[in-house]
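**Q** Right, I'll just put the structure down here and ask away after.
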Amino acid sequence: MAQQVLGCTSRPIRVSLHRCSVITTSDTIRRKNLRFVRNPRLSFSLQSSTRNYRLPSINCSTVNGAVAETAEYYEGEGDNVSLAEKIRQCIDFLRTILPGGSWWSFSDEVDGRFIAKPVTVWRALSRMWELVAEDRWVIFAAFSTLIVAALSEITIPHFLTASIFSAQSGDIAVFHRNVKLLVTLCVTSGICSGIRGCFFGIANMILVKRMRETLYSTLLFQDISFFDSQTVGDLTSRLGSDCQQVSRVIGNDLNMIFRNVLQGTGALIYLLILSWPLGLCTLVICCILAAVMFVYGMYQKKTAKLIQEITASANEVAQETYSLMRTVRVYGTEKQEFKRYNHWLQRLADISLRQSAAYGIWNWSFNTLYHATQIIAVLVGGLSILAGQITAEQLTKFLLYSEWLIYATWWVGDNLSSLMQSVGASEKVFQMMDLKPSDQFISKGTRLQRLTGHIEFVDVSFSYPSRDEVAVVQNVNISVHPGEVVAIVGLSGSGKSTLVNLLLQLYEPTSGQILLDGVPLKELDVKWLRQRIGYVGQEPKLFRTDISSNIKYGCDRNISQEDIISAAKQAYAHDFITALPNGYNTIVDDDLLSGGQKQRIAIARAILRDPRILILDEATSALDAESEHNVKGVLRSIGNDSATKRSVIVIAHRLSTIQAADRIVAMDSGRVVEMGSHKELLSKDGLYARLTKRQNDAVL
């Protein structure tokens, strides 16, 4: 019953086949008795075995989105399998590995979170041309030298053969002329090939740079909800390996394809002039080779997409593990994390195995057809020489040019398969590049002449796009007057930080609206608004740069070092900063600063902005008691500054932090349940009073 529920309907049977074990599962990671499978399909087990095993039962469970099968193997029971059954299993296996068999299928290897639409080769090339169009002279120079080099190279066999036979005939004048032309062609080809390689390398650099610039810029201006559905490892994989894979199109693939198409066309014309019957035979063989090449190229395109997805998933696991290394080390889960990473590596190896097998078939096809061309040329050409229809010199030229044509076809096919891989990798990159920026960055909002800081939440409700069935905030009505300090408290998950995210316009309310000085928030210029808001989060993030740059981060006005030091002193960060080896020039590192020190730098950053609206989301949670007391005094002075009249919103679990607030809003399950001063809420004996009592009891 468990197998039917989890979709594990097939029972893998392992048989001995020339010391190569075969298992009837496709996506299999063999770690002792643990295997991850998506669907029943044949794949190789890389472990050799001389014994037969039979799998009587399988217990299924879900591990990281895959199905884990814990199998029990028993020795000796393989002898009960009849010879006819073994032969039938071997025949079934051989049938699956034939072209078109199930072993070659990738139908459900990857469940992508962001499904990309297929991109045609022409569409991909036109997109790449758009990226390099500003430097089209580099492309033109590259292709111009390519044409000269290709034409020079294709004429070399003619003069090489003519030189040999003119020397044999004793015609010295013709021999000297042919040698001079041969030297000229070789020198011209060498010079143009070098210039061609240089210009194509420059074009490759331009393409990958522009592609990464465009993709990075596009991602920067997406809604926050987009990043909620994507992982950092996946996005960095698009910027890194995927863009690099696509950039090979101009510098390598198109370069070699055009070069060999020119040379192959020249060789074919020359062959038809020499002997049209032999030329047609060679052309037929090249057409067969081209058909095989097309099928192989399409297969390579599909494998490239899967390798792209699996590589991104592997990068995601590695990045997550490295970023949480302290947690991994404390809980001793190194082996589990290795198994998670190895899961994706095994899937990558499984696809690469089939990719290598496909390449082997393509290579076998080429060599077979290549040697067939030689046999036909020698057979038919020899008979033609005996009949007096052609000369030995003509046959020699024919053999050289037929070989050139076949190899040109092979190189076109090889690079075309690489081109198809690059096009497959480009699908997700181009689809991300086509994403429209957030409406906040497109529309030009209103900029108020004077901002007083009057904030109103009017019947605001909100659900996160990733789980829109759950209402995080419901019908919230809160008003914050200029110069007022309003604290928001409640249990975890009650919607406190969500209100801050809505005020910062990281998300739009599902219903209701937020007013700032009577103007709907969505009508205001986002950049202008955020420049007037100071925000300190409960887990402040600092950039890997010096402390001074972190403090002045986001300020659009000229900031002096004295301003930075003044803000740091107000945040009680100056003393520990000056104690660091390089003071304010110290590069921030996670191991260098404690959580409290990071929070004080974040508070200094907010103070330096001189904001009209100050938002503190658990801004003192990582501070010690003395630092918290000092910072609270600074924050009170900031909020009560008569010259600026800042509006301050404080979110805190430490209720001692917000007792002096003008008003306290208590929230529960996304709703406002109480509102008033500290004394008023204590007298109501409601949620706030219960929270206060619990914290006091915890202290005692």
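Backbone N, Cα and C atoms are what each Cβ position is placed from, and that goes for glycine too.
Quick paste from Swiss-Prot:
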- Gly490, Leu491, Ser492, Gly493, Ser494, Gly495, Lys496, Ser497: ATP binding site (BINDING)
- 139-421: domain 'ABC transmembrane type-1' (DOMAIN)
- 455-694: domain 'ABC transporter' (DOMAIN)
- 1-59: transit peptide (TRANSIT)
- 137-157: transmembrane segment (TRANSMEM)
- 182-202: transmembrane segment (TRANSMEM)
- 268-288: transmembrane segment (TRANSMEM)
**Q** State the three-class DSSP label for Ser497 (ATP binding site), counting H, G and I as helix, E and B as strand, and everything else as coil.
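**A** Helix, per DSSP.
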**Q** Quick check on the binding-site residues: of Gly490, Gly493, Gly495, whose CB has the lowest count of neighbouring CB atoms inside 10 Å?
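**A** Per-residue Cβ counts within 10 Å for the binding-site residues Gly490, Gly493, Gly495 bottom out at Gly493.
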**Q** Report, as numbers and ranges, every residue of the chain located at least six residues beyond the transmembrane segment (182-202) whose Cβ falls under 8 Å of a Cβ in that stretch; write 'none' if there are none.
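**A** Here the qualifying positions are 138-139, 141-142, 145-146, 148-149, 152-153, 155-156, 159-160, 163, 250-252, 255.
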**Q** Could you find out if DSSP has Ser492 (ATP binding site) as helix, strand or coil?
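**A** Note: Ser492 (ATP binding site) is coil by DSSP, not helix or strand.
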**Q** Can you tell which of Ser492, Ser497 has the most other C-beta atoms within 10 Å, given these are the binding-site residues?
**A** Ser497
**Q** Enumerate same-chain residues with a sequence separation of six or more from Lys496 (ATP binding site) and a Cβ-Cβ distance below 8 A; give 'none' if the list is empty.
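**A** Lys496 (ATP binding site) has long-range Cβ partners Ile488, Val489, Gly490, Asp617, Ile651, Met667.
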**Q** Can you check which residue among the binding-site residues Leu491, Ser494 has the largest number of Cβ atoms within 10 Å of its own?
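**A** Counting Cβ neighbours within 10 Å, the top one is Ser494.
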**Q** Please list, in sequence order, every residue of the chain apart from Gly490, Leu491, Ser492, Gly493, Ser494, Gly495, Lys496, Ser497 whose Cβ lies within 8 Å of the Cβ centroid of the ATP site.
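**A** Output for this site, in sequence order: Thr498, Met667.
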**Q** When the pLDDT values for the domain 'ABC transporter' (455-694) are averaged, what is the result?
**A** 83
